[in-house]
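**Q** Please read through the structure below; I'll follow up with questions.
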Amino acid sequence: MLQQNTKYLEKKQFLEYVSVYRSFIIQESLRSLWKILLLCIILTSMALKSHAKLEYSSIVIDLLNDKRTNGFKQDKLRYPASLTKMMTLYIIFEHLQSKKMHLNTKIPVSKTATIQPPSKLYLKENTFFTVEQGILALITRSANDVSTAFGEFISGSEKKFAILMSNKAKSLGMNHTTYKNASGLHDKNQKTTARDQAILGITIRKNFPQYYKYFSIRKFQYRNKIILNHNKLINKIHGIDGIKTGYTRDSGFNIVASLQNENNSIIAVVMGMPTCQKRDQKALELINSFLNTKKTKHKPIWKSGNLTFSPTMKALITEKIKDSNQQLPKKYPVQKRTQLNTKSYPIKNSNVISKTR
């Protein structure tokens, strides 16, 4: 009997210990959750304050209309973030064009390349990727490990490659741009402007049409993995075909966008927006504003031919026209869907400026 009581007490004591331990674990878990939640709130608040300080810059250039430009703080120095990779790609395209590299050239991966922070392909040391795979990875994934590997392959080190990038920028007229790495990872001395990025986008389109097509690719496959393009503006409007996005906490959300179709050739740059959605929205607004302006632009009116008028269009007629006032009947016997004859309005010597039906 005593032995049974002893076992009962031991079991009861054990259950009490378990209950106390369980309560302790729950309390510690709740404390940890609160700490994590508080940390998230603090980090989010810091990020919002950082973005709140950002003031965006923008520029739009209409290449088919005497390079007509509309900008906002387009010469303000800013951090380029991954827009930097546009210059990395420019130099790669130069090497391809001069036959110093080929699309199937294998690029080695160093340990330095593998330790770059995301976004990246998570390449392994002493492996290889082809130039074409690297181009696609830079454009879609914005892979930092690929950027570093290219810099090391072309110049021997990423530091030397950054000097090459800066010199190339100056030769293109990007007078306010300095590069410090091949990827766009934050460096306080790596600066550019919206205008300079527009110059770079225009020059890539002009100098490398055979390689520019890569910027319109929306996804590609690497090692059985589908990688999507970060640029969500492609085909949002007919003719949008690239080119690059970028983001760091210090830079905000950046984009260089290109539109080319039958009637338009536009480059738009937006830098320093607080979210990618607002960045994309602002870029679309700027592009649309230029397209709408072109649609309503005043055009000359010739003295012959069928004309189409917009509500805002104005015509200047220098010849004197004799006034005529003809009162039409209130009712006119015209059957439904009857085709009316064409009426011409002549001015001197039978020159016709308009026809109506």
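Numbering starts at 1 and runs along the chain as displayed.
Positions of Cβ are set from backbone N, Cα and C atoms, glycine also.
Annotation comment: TrEMBL describes 59-274 as domain 'Peptidase S11 D-alanyl-D-alanine carboxypeptidase A N-terminal'. Per TrEMBL, the feature active site, acyl-ester intermediate maps to S82. Marked as active site, proton acceptor by TrEMBL: K85. Residues annotated as active site in TrEMBL: S142. Sequence annotations record features per position, and here TrEMBL assigns substrate binding site to K244. For 337-357, the entry in TrEMBL reads region 'Disordered'.
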**Q** Given the model, what does the mean pLDDT over the domain 'Peptidase S11 D-alanyl-D-alanine carboxypeptidase A N-terminal' (59-274) come out as?
**A** 96
**Q** List the same-chain residues at least 6 positions away in sequence whose Cβ sits under 8 Å from the Cβ of S142 (active site), in sequence order, or say none.
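**A** For S142 (active site), the qualifying residues are S82, K85, S119, H230, K244, T245, G246.
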**Q** Would you find the one among the recorded positions K85, K244 whose Cβ has the most company, meaning other Cβ atoms within 10 Å?
**A** K244
**Q** Give the helix, strand or coil assignment DSSP yields for the residue listed as 'active site, proton acceptor'.
**A** helix
**Q** With every protein chain in view, how many other Cβ atoms are within 10 Å of the Cβ of S82 (active site, acyl-ester intermediate)?
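**A** Other Cβ atoms found within 10 Å: 24.
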